[in-house]
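Asker: Below are the structure tokens for one structure; questions will follow.
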Amino acid sequence: MLGWVQRVLPQPPGTPQKTEEGAGPQPETESKPEANPQPEPEVQPEPEPEPEPAPEEAAPEVQTLPPEEPVEGEDVAEAGPSLQETQEADPPQPTSQAQVAVVKVNRPSSWMLSWFWKGMEKVVPQPVYSSSGGQNLAAGEGGPDQDGAQTLEPCGTGDPGSEDGSDKTSKTQDTEPSLWLLRWLELNLEKVLPQPPTPSQAWKVEPEGAVLEPDPPGTPMEVEPTENPSQPNPGPVEPEEEPAAEPQPGFQASSLPPPGDPVRLIEWLLHRLEMALPQPVLHGKAAEQEPSCPGTCDVQTISILPVEQAEHDLVLEDVDSCWEDTQQEDGASLQETELAPIYEDESEAMVEMPRELPQIQEEEEEEKEEKEEKEEEEEKEEEEKREEEKKKEKEEEKKEKEKEEKEEKEEKEEEEKEEKEEEEKEEKEEEEKEEKEEEEEEEEEEEEEEPIVLLDSCLVVQADVDQCQLERAQPETASIQELPEEEEEKEEEKKEEEEEKEEEEEKEEEEEKEEEGEATNSTVPATKEHPELQVEDTDAEAGPLIPEETIPPPERPPVSPAKSDTLAVPGAATHRKKLPSQDDEAEELKALSPAESPVVAWSDPTTPQEADGEDRAASTASQNSAIINDRLQELVKMFKERTEKVKEKLIDPDVTSDEESPKPSPAKKAPDSAPAQKPAEAEAAEEEHYCDMLCCKFKRRPWKMYQFPQSIDPLTNLMYILWLFFVVLAWNWNCWLIPVRWAFPYQRADNIHLWLLMDYLCDFIYLLDITVFQMRLQFVKGGDIITDKKEMRNNYLKSQRFKMDLLCLLPLDFLYLKLGVNPLLRLPRCLKYMAFFEFNNRLEAILSKAYVYRVIRTTAYLLYSLHLNSCLYYWASAFQGIGSTHWVYDGVGNSYIRCYYWAVKTLITIGGLPDPQTLFEIVFQLLNYFTGVFAFSVMIGQMRDVVGAATAGQTYYRSCMDSTVKYMNFYKIPRSVQNRVKTWYEYTWHSQGMLDESELMVQLPDKMRLDLAIDVNYNIVSKVALFQGCDRQMIFDMLKRLRSVVYLPNDYVCKKGEIGREMYIIQAGQVQVLGGPDGKAVLVTLKAGSVFGEISLLAVGGGNRRTANVVAHGFTNLFILDKKDLNEILVHYPESQKLLRKKARRMLRNNNKPKEEKSVLILPPRAGTPKLFNAALAAAGKMGPRGAKGGKLAHLRARLKELAALEAAARQQQLLEQAKSSQEAGGEEGSGATDQPAPQEPSEPKEPPEPPAPSSPPPASAKPEGSTEEAAGPPEPSVRIRVSPGPDPGEQTLSVEMLEEKKEEVE
């Protein structure tokens, strides 16, 4: 039969795959004989198409060999019981498959079952799993007993005997088991086993059944990621079975050796495999895998050198239908190197045989790789777009949630409780669901014989049995495209960079999803052919999950209610690639919202719907937790505030009316909203000055844009005054030097250019003043300040000043060309005198001592007149001739100085000058005399006015002082009082610069007075504790009512017993509060900013007498507020009125507390009588008057009883007095009611005088009382001494009471 196949068909390089197919069903039926899986595969042949031509050829080949199938079925039927044992046993058993085949042939009873199974295998395509079992190895180990029988079937294609031994066993199974079968196999096996085109096909356990010749040659030089499944196969393992024994050592251990084990056949097989299979080239990348991962193998690189191997057009392979789909989707290039690490252990004993690979297949593989890379890039771009859409959606969701959070306040606590309850319920429900799912999975595993979707992965399992168990245990599987190691590393680097960027941009709520995304770095990104699948670990405690990407079957209901594409993986998980730790998973599960089930999923969402689902999962979780925490903190604060409010209400009922009553104060806070908009605009402007650098954003100082103002305020703008100064300098240049240049010969041809330069510089200043400044000056029209450019320009053009400015700039200099440079042509420049006068006014307005400038200006007028006269004198002398007469200038010395001296003597009329001789000289001299008299008289008068204005205040002070002294002398006031008055005048004048501020305030409007009062007094009044919390406008109104008064040292500000109608605020200086028995003891010293007398001012029910004397310690300036003015203000501010009354009541209560210590008996209470003494008294009383020395002890005992009764009565009287005083002193300052004398009851003890109002402690009256106690107490214990105030405030009455009289009163 085999010879016929060899003659008809070309030599198939993958014939060992046929044996793999035969070996695959063996473990299937072997582990699951009782589950009756055979009828089920016949029902499910349709969902798995067979698109590839090579697998189609493999299927008919299986049909042509019916006798092999039953034998293989038998082998599989008996291989099952040893699967679990082999998982724990040593992996290597070289002749396991062949031996198992022989043993099963010895059983004719199983021939029918095996033949039926092989026939069923024709109909049902057998899927081959490359490495899905390796990925889910841990999950599969959790329940090998449950699902091992089902998972054995797909592993048949990757069985250890798939390469060479499988064909041998399949052919030996056609006949009875005997030695001749082995001999015949030995002779014909060489014909059946052709040289494989690619070493990866011969090495692979599972993929060889699916790998065809046109696909594999492209990938032998590429690196594929695989994981070491514990490196099971040792050296003695057969080369044929070696790659398969590595993934599933348990299967080999379970197979029993046949009774006739031919050693020759094993040696021959080893020799042939060494020649046929190429040796893999190992790389260091494999060592980077975790050594502790038994279910995975390291990545290996296989180098295959093309040698005399011809390209094969057709390859006959026995391949399952599932593998046909896998070849179409994944390609053989990604599956060839899975078994390379397995062969790594045996590479030392094997010879590397280079094989020739077809170039066409390599090109096809490269094209596929390029396509895959393009698809991956497209997928990444789509993912980035999706992430951007996610972020936008998240921001929108956040905004919506923030709005909802404002509406939800107190409901959060209830929701939190409900969420906890729901979580507990969901946990219970999930546990129940997991149990049900496990049961359903077991049932479905029994019903389903073949997997629905191929599951490929980068992992290689230890044995085909484990792989099959895992594949059967998973009800949902999908094919994952395997990539070479280099491509995988690039993907990992790219994804890591993306994750780093996302971590910087996204918030904490997105970090959970980033950790999930990191887990998918080792997997292949989802594509159209390979959509992603999220894996849900039903045994979450066993270990972390492996990220897998599979296609969820439509008939499988979703495990998790939140995710429809979740794959439940029962069983314990072994060590795998580094994934998020269990602690991280626990944190992620805690962060999930109660609506989501605790499913840990790793995936890159391929659709916007999946992306939305994951975003909601993380965003709602983190946001809910943050919202709940914030809400709880707010609730705690609210509860604290409510408790404080309730306490205040219970303590003082006025608080309720203060807070519950509608307040107009918020209406006054409304204007603050308008200025709030200005900072927003300012911030908007400031944002422009932020500079973004590499990773930070900092604020830089904006460039100062010096722009000329659009309008100028001539009254307050200092820059305009400075400009006027330069204009005045130019004007003075012309006024002073034009006459000099005209009269004196100082302008010559050698320096004419300097004079002209200065002239035209002054002209330029004039021109700027006209064109730039004067046209921008603001002016008042109809009460409004006009700042419009056009109106300001028109106003200047229509003014008289513009006309004078035009005249002063007449271009008479053009006449220089005809008349020469004559300085007189520049006389119009002196017409800009209006700028000079304006400058004087503006400068005097800003100077603190304007009279100084006035004096200087008047002196300048005098000097200028002398300057002009000297120029005229030199001109007259030159007109008549220098030195022609005795009166003219003789030309000796400095001409200007000598002429100036002559002008001074002439104008001041000092005399001593030569007499004029000619008519011209006489007329000129007369004009000089008249001018001098007029000029000097004006100058002297102006000087007097200037000096008088400078001393006007001092003059007023002297006049007031003189009037007051005259008044005091007229009424013969004592000299001491007169001195105090004079001192007051001097101090007030020197400290304030005026005698009465009110005189100035009366002249100003209310707004001006308020502004001045705020600047002067607000800082002091705002620090007063009494007015803190009051309406700010009320304080402003109060400032206008304050009066400033100066007190001299030792002046009484207020005296004890006076009716308090004023409150005092210390502005400067100190005052002392006096008290004590003599009223001279200093109780307290109050400094600037302190307040006293406020209780009398706020007293409601009278009793507002002063309780102490207050004396100025030095010169003290006090602000006084009358009670009448305060009441008028408080009428408009009811809330502030209630607040002030509340504070006044508290002060009264605080001042009433010390009364308990004041009403104390002068004689201190006696110590308790000793018990022994009482016993002696009792005995003496029994003995009668005779005992105890004539009854002295009995008499003493009676006395003690009387004293005790008197003390009790005194205490009752004190309590009554305290009750009365507390009622009467409701509104009195500093418990003023208690200070009123009560002579009606001379027997009750009277308190000593109390201290003044707020800050003064009670006067220490213990010293005088102690002195009386020392004087009167010891000599006469039966006498009671009391001190009570007399009719006058400064008098006290001392009363002495005998005990006998007191006794009668008590009786």
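Yeah, the Cβs are placed from backbone N, Cα and C, and that goes for glycine too.
Model, not experiment: these values are computed from the prediction.
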Asker: I'm curious whether GLN747 and SER877 share a membrane side according to Swiss-Prot, where sharing means carrying the same topological domain name.
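Answerer: Yes - Swiss-Prot names the same topological domain for GLN747 as for SER877.
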Asker: Per Swiss-Prot, which of 708-714, 1163-1169, 1212-1218 is region 'Calmodulin-binding CaM2'?
Answerer: 1212-1218
Asker: In Swiss-Prot, which of 589-608, 789-808, 989-1008, 1089-1108 is tagged transmembrane segment?
Answerer: 789-808
Asker: Report, as numbers and ranges, every residue of the chain located at least six residues beyond the transmembrane segment (789-808) whose Cβ falls under 8 Å of a Cβ in that stretch; write 'none' if there are none.
Answerer: 710-711, 766, 769-770, 774-779, 781, 828-834
Asker: Looking at the stretches 752-773, 825-837, 850-872, 923-948, which one shares the most CB pairs under 8 Å with the transmembrane segment (721-742)?
Answerer: 825-837
Asker: Given the transmembrane segment (825-837), which of the listed stretches 752-773, 850-872, 923-948 has the most Cβ pairs that are under 8 Å apart from it?
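Answerer: Out of the listed stretches, 752-773 contacts the transmembrane segment (825-837) most.
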Asker: Give the residue counts of the compositional bias 'Acidic residues' (361-386) per reduced DSSP state, in the order helix, strand, coil.
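Answerer: Here the numbers are 26 helix, 0 strand, 0 coil.
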Asker: Other than its close neighbours in sequence, what residues sit by the transmembrane segment (923-948), given a CB gap under 8 Å and a spacing of at least six beyond its ends?
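Answerer: Distant Cβ neighbours of the transmembrane segment (923-948) are 851, 854-855, 858-859, 861-862, 865, 869, 872, 876, 903, 906-909, 916, 955.
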Asker: Relative to the Cβ position of ARG944 (site 'Occludes the pore below the central gate'), how many further Cβ atoms are located within 10 Å?
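Answerer: There are 10 of them.
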Asker: Could you please provide the mean pLDDT value for the region 'Calmodulin-binding CaM2' (1212-1218)?
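Answerer: Averaged over the region 'Calmodulin-binding CaM2' (1212-1218), the predicted model reaches a pLDDT of 83.
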